[in-house]
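K.L.:
Sharing a structure with you now.
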Amino acid sequence: MERLTIVKVGGEIIRIPEVRDSFLKDFSIIAGYKILVHGGGSMLTELARNLDIETQMIDGRRVTTEKILKLAVMVYAGLINKEIVVGLQALGVDALGFTGADSNIICSEKRPIRDSIDYGLVGDIQEINVQLLNEFLNKGHTPIFAPITHNGGGQLLNTNADSIAGELAKVLVYDYNVRLVYCFDKKGVLYDEGDENSFISVLSYTDFQRYKENGIIGGGMLPKLDSAFNALSAGVKEVIITCASNIKHTGSGTHLKL
């Protein structure tokens with residue numbers, strides 16, 4: 001099977017133009033088919049703060065009110081997505097920007113209230129149009145996904161970018177040899193977020209559960225690792241969490257294993 005690299009890049013990388021441009025240059029030279037999923041939470045939080053709109057996070061996941069959703073669509077599907085697309089086009093990559101609503105490529109349902117926790121207008125992925133995605137890839141396009149989906153009934157939904165990357169990897173594993181890479185501003189998963197030297201080179205699912213229970217791993221890393229291990233369980237060949245500047249180096253970062 002052909003190789004497909006799915007990269008998720010965090011908002012802390014793309015919010016700084018120089019760092020973003022360096023990352024896009026490295027992404028552009030990845031051989032074979034590739035897909036990029038981007039976040040942008042830090043930019044959304046900053047905009048909400050400037051507009052005096054309250055934001056709330058629960059276990060690393062954003063609570064999405066109607067006001068926050070409007071900002072998310074503007075920031076994610078608008079500014080960030082198009083800056084990435086034009087950056088890659090300038091590097092010779094035929095980038096094509098998407099939300100899940102475009103061509104009905106990712107359909108979600110609103111997350112139900114569980115244990116009295118209501119995440120608001122957050123979407124959990126139900127279906128991905130794999131046939132259409134394959135058509136875009138085979139025509140030489142590089143899909144760039146913003147973390148916005150829809151429910152098929154006219155409602156846009158905020159969907160975790162880590163989850164989108166993981167779900168894309170899971171459904172495409174039947175057609176490609178999939179490599180899934182999560183990029184952010186650290187070397188990889190850390191024992192201590194404040195200590196770069198506490199880098200974990202290999203993380204098993206058993207260790208992940210233990211670290212989660214002990215509070216060693218938490219916050220935004222939880223949905224990232226949940227999605228990553230789900231993808232690994234579904235047959236994705238390689239899952240790595242690494243620093244964006246190391247995307248070219250396959251041996252770097254935290255490698256996950258079941």
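Using the three backbone atoms N, Cα and C, a Cβ is placed for every residue, glycine included.
So Swiss-Prot lists the following for this protein:
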type: BINDING; residues: G40, G41, R62, N158; note: substrate binding site
type: SITE; residues: K8; note: site 'Transition state stabilizer'
type: SITE; residues: K224; note: site 'Transition state stabilizer'
K.L.:
At the level of the C-alpha atoms, what whole-angstrom distance separates K8 (site 'Transition state stabilizer') and G41 (substrate binding site)?
P.N.:
13
K.L.:
Any idea what DSSP makes of G40 (substrate binding site), helix, strand or coil?
P.N.:
coil
K.L.:
List the Cα distance (Å, whole number) between G40 (substrate binding site) and K224 (site 'Transition state stabilizer').
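P.N.:
Cα to Cα, G40 (substrate binding site) and K224 (site 'Transition state stabilizer') are separated by 14 Å.
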K.L.:
What's the most sparsely packed of the recorded positions K8, R62, K224, counting other C-beta atoms within 10 A?
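P.N.:
Per-residue Cβ counts within 10 Å for the recorded positions K8, R62, K224 bottom out at R62.
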K.L.:
Go through G40, G41, our binding-site residues, and report the one whose Cβ sees the most other Cβ atoms within 10 Å.
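P.N.:
Within the set of binding-site residues, the most crowded position is G40.
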K.L.:
Would you count the other CB atoms within 10 A of the CB of N158 (substrate binding site), including those on all shown protein chains?
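P.N.:
Step by step: centre on the Cβ of N158 (substrate binding site), count other Cβ atoms within 10 Å, giving 28.
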K.L.:
Cα of K224 (site 'Transition state stabilizer') to Cα of G41 (substrate binding site): how many Å, rounded?
P.N.:
14
K.L.:
Taking the center of the Cβ atoms of G40, G41, R62, N158 at the recorded substrate site, which other residues in this chain have a Cβ no more than 8 Å from that point?
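P.N.:
Near the substrate site, the remaining chain residues are G11, G39, L44, T45, T64, A72, Y76, P147, N160, A161.
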K.L.:
What does DSSP call K224 (site 'Transition state stabilizer') in the simple three-state scheme?
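P.N.:
Once the DSSP labels are grouped into three classes, K224 (site 'Transition state stabilizer') ends up as helix.
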